[in-house]
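**Q** Once you've had a glance at the structure underneath, I'll fire off some questions.
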Amino acid sequence: MDQADHSGVPDDAALEEAPNTVPIQEKSAQPHDTQPYCAFTKRSKLFIVLTVSLAGFFSPFAINIYIPALPQIAGMLHTSEAATNVTVTVYMIAQGLSPVIWAPLSDVFGRRPIYILTFFIFFIANLGLSFTNVYWLLVVLRMVQAAGACSAIAIGAGTIGDVTERKERGSYMGYYALAQYTGPAIGPVVGGALSQRWDYHATFFFLTAISGPFLLFMLLFLVETLRVIVGNGSAKTSGIYRPLVEPKLQRSIANAPRPGIKNPLHGTLDFGFHRPFLVFARPETSLAILAFSMVYASYYLSSGSLPYLFKQVYGLDELLIGVCFVPSGVGCAVGTVLAGKILDWDYRRALDKSKLGVKVTRARLQSAWIYLPCYCASLLAYGWCVRAHTHIAAPIVFQFTLGMFSTMYFTNVNTLIVDLYPGKAASATAAVNVGRCLLGAVAVAVVQPMIDAMGAGWTFTLGALLTLIVGLICQVLIYLYGEMWAARKHS
């Protein structure tokens, strides 16, 4: 479904797949435009972005609240450390694959209905996990839990693509990622405290207690943003698309209903489940996803092994293990805000320098040349600090830098993907989820056997070198040929 036929809005949202070079006319508003690109005010955009950001918070929070209790679960369910890691692995597999279904559906039926459906699934899964004492059922319900929570990340990126233009998108992507990367900071602390005071079931009771009210909040306040349904946001909605308490978010100049907005239930439907996989057919996006996924997988080498390493090397209990995740999460929060501001600055600088147009792939990856080596150096240093049994402050510092530089890199790549697929940003972000979560699942599954065989130092050295080599190769190819590939696809 091509939104160019229905939204009536010029600019990049009118393209299902955007060219790599953005015309120089973006420097100034078009005087003949009678409708703004987005009818939502700046404050309203921030409200929408913060709402979907909170939705994206639950997925990483749900996985990280659980990690400090892994040694406890192994003891209570009489399983091995490798077996308990499987419950993390299946979560990440479902985290990667479920958006392939939900994101295309949100590109057809709208963001709001899919948000509500998936969070209801998440709530029910949390309730079931709260009473689970059987290993196989724990594995199954963890997959259901992930399938409900993880769609919010891809749909959230699509929502931001609905309401923002390229020149402002970097900052909003930073705000969007803020809550998403706060989950790794507070999740382990909450999980460690709950599992130490009671047991691992308490973490799922807690998730049930917070996901229920947020589901109600979305029913009350979340607005529809999909442009083929509401245009630039000024079209009136009804039924499932209308929040129970409808806030006044639009500019006064755009309050009138927009003609020509199609009901997605009318006509022939293309659910587009294949659409995320088509993203891999474009070389520039497949290379960006590969680089992103390598960083993500190597990051989970450190976070997935932290509970066992810090318990073995430093003798920490569940609560203190959870506290050790805080620096990484704080680094993630700092990184996402910084990356958003730097992205907008990079884009404006490229726009000012260009006489023909902005080369999007180069503009969005300018700072990535710095982030990637800094991240890999942090991973290398972290591994050898743990191997040498240094004071715990040293690996904690590198946990902070790992979180910061990885998040800055993720924000750059995510923004590039949204720019290249403005009409189908949710589906494109689902493709990113497939790559990152599948490689991350592999990392979680192999990290403990690797540490047992090679030691922490060489395990993280190998991870850092592979990430650096693959990432740099991908970036060089995108820098040299990205514009040509995107132009060829667009033509």
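Cβ coordinates are placed from backbone N, Cα and C, and glycine is handled just like the others.
Here's the feature list from Swiss-Prot:
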type     : residues : note
REGION   : 1-30     : region 'Disordered'
TRANSMEM : 47-67    : transmembrane segment
CARBOHYD : N85      : N-linked glycosylation site
TRANSMEM : 86-106   : transmembrane segment
TRANSMEM : 119-139  : transmembrane segment
TRANSMEM : 143-163  : transmembrane segment
TRANSMEM : 174-194  : transmembrane segment
TRANSMEM : 203-223  : transmembrane segment
CARBOHYD : N232     : N-linked glycosylation site
TRANSMEM : 287-307  : transmembrane segment
TRANSMEM : 319-339  : transmembrane segment
TRANSMEM : 366-386  : transmembrane segment
TRANSMEM : 390-410  : transmembrane segment
TRANSMEM : 438-458  : transmembrane segment
TRANSMEM : 460-480  : transmembrane segment
**Q** Are there at least 3 C-beta pairs under 8 angstroms linking the transmembrane segment (203-223) and the transmembrane segment (390-410), leaving out pairs fewer than 6 apart in sequence?
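**A** These two segments do not touch.
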**Q** Please give the sequence-distant neighbours of the transmembrane segment (287-307): residues at least 6 beyond its ends with Cβ less than 8 Å from one of its Cβ atoms.
**A** 64, 67-68, 70-71, 85, 88, 92, 184, 279-280, 321, 324-325, 328, 365, 372, 375-376, 379, 382-383, 399, 402, 406, 409-410, 413-414, 416-417, 431-432, 435-440, 442-444, 447-448, 451, 456, 459-460, 463-464, 466-467, 470-471, 474-475, 477-478
**Q** Please indicate, using numbers and ranges, the residues of the same chain that are 6 or more beyond the transmembrane segment (86-106) and have a C-beta under 8 Å from a C-beta there.
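**A** For the transmembrane segment (86-106), the far contacts come to 59, 62-63, 66-67, 70, 73, 114-115, 118, 138-139, 142-151, 153-155, 158, 226, 271-273, 275-277, 300, 304, 426-427, 429-431, 433-438, 440-441, 444-445.
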**Q** Checking distant contacts: for the transmembrane segment (143-163), what same-chain residues at least six beyond its ends satisfy Cβ-Cβ under 8 A?
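**A** For the transmembrane segment (143-163), the far contacts come to 13, 38, 40, 45, 48-49, 52-53, 55-56, 58-59, 62-63, 90-96, 98-99, 102-103, 106-107, 111, 114-115, 118-126, 128-129, 169, 172-173, 176, 180, 225-227, 233, 414, 417-418, 421-430, 432-433, 437.
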**Q** Name the range, of those listed as 47-67, 119-139, 174-194, 366-386, that has the largest tally of Cβ pairs under 8 Å with the transmembrane segment (460-480).
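**A** Answer is 366-386, with the largest number of Cβ pairs below 8 Å.
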**Q** Under 8 Å for C-beta pairs, could you tell me which stretch among 47-67, 174-194, 319-339, 366-386, 438-458 has the largest tally with the transmembrane segment (203-223)?
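**A** Comparing 47-67, 174-194, 319-339, 366-386, 438-458: 47-67 has the most Cβ pairs near the transmembrane segment (203-223).
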**Q** At a C-beta cut-off of under 8 Å, are there same-chain residues at least 6 beyond the transmembrane segment (119-139) that contact it? List them, or none.
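**A** Residues packing against the transmembrane segment (119-139) from afar: 55, 58, 62, 73, 77, 79, 83, 86-87, 90, 145, 147-149, 152, 201, 204-205, 207-208, 211-212, 214-215, 218.
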**Q** Are there any residues in the same chain, six or more apart in sequence, whose C-beta is under 8 angstroms from the C-beta of N85 (N-linked glycosylation site), and if so which?
**A** L70, G304, V444, A445, V447, Q448
**Q** If we skip the immediate neighbours and take only residues 6+ beyond the ends of the transmembrane segment (366-386), which ones have a Cβ under 8 Å from one of its Cβ atoms?
**A** 291, 295, 298-299, 301-302, 309, 313, 339, 342-343, 346, 350, 394-395, 398-399, 401-402, 405-406, 408-409, 412-413, 456-461, 463-465, 467-468, 471-472, 475
